[in-house]
């Protein structure tokens, strides 16, 4: 205190001397300094003291100036929050229009930006909910900061009440928006569930109708006088042979087929066993030639049946040296060996018509599907003689397979595939 008084006296004396002896052309410049600079080395003149403290008027004036700046800052913050709420309200109105199904066309395209809400109503609601929750958190943080500042600086009660009331109004508006969004989200969920249930009911009705049609076509003139129709290249239309194969050391497979696809007829049949999906497969994929796969080993067959006409094909194979033969319309077009030699065909697998299996009984690929009609699919456990194959192909004899015969009650169809009465053998010959 003594030092301050001494400094004040010295300052007063210097000022008096300056007045008595002014320096020509000189002037005094007053510059405002921050409190830190004053404390560091520029002491200010002592303010009038009364009992060692500021007067009530000066204390109130300082508090009012401080909180006037605080109120200006809070107004700016509240203005920014008001703009954010206005923007979110606008987006909510757009969301409500979208929920009614009339705001947008199904063919529109766009990106999910702040000006272009996502197409999925659920995503819209979730995005707005997150935005409102963020705004609420910011308001709560602002309110907490306000309480802290008020407790530290002694904010006048009228200012505190005004700000508290304004924050309360904003919070209530925010809670109302959140409640509206929750109701909207629940409504959209209910509408989506109802639409999904309606779709499932429609699909079930169609499936039941297809099943009725399939059953209605089961009365054929004879058990083998039918064909399996696979009209589309999909991964769900197929036929399934109920019986499975025993262990085989030789076989002959014959069938009639008429392909509706080009290039590549797809997969007329496939046989898969656990551990080997390509135990026996006949496939023509893309522009590749027809291939016979046995135990995933490949032989290319010189067969050409993708002209949309009925064709009779037979394939023989024996484990001895892997010998194979390929017949088309009764004529032997190719032969070879070393196709999975000394490998017996494994028993207990699944035999599928029209699809290539990647796992036993499933994982079909639409690009490898057969499109067209199949009939008279028979399997024998031996290599048929060439004359026997000719007689079957020219309708001279009816010779069912002794392992897999072509009969109605041994073939199931799925996914929209169907069974229909087949043309007579003579009619198929005329189509060649």
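Positions of Cβ are set from backbone N, Cα and C atoms, glycine also.
Swiss-Prot lists 356, 357, 358 as binding Ca(2+) 1, and of 201, 278, 287 the one it places in that same site is 278. Cα spacing between residue 356 (Ca(2+) 1 binding site) and residue 394 (N-linked glycosylation site): 29 Å, rounded to the nearest whole number.
Following the DSSP three-state reduction, the secondary structure of residue 278 (Ca(2+) 1 binding site) is strand. Note: the Ca(2+) 1 site is recorded as 278, 356, 357, 358; in the same chain, 267, 270, 272, 277, 281, 355, 359, 363, 364, 365, 368 also have Cβ atoms within 8 Å of that site's Cβ centroid. All protein chains considered, the CB of residue 190 (N-linked glycosylation site) has 10 other CB atoms within 10 Å.
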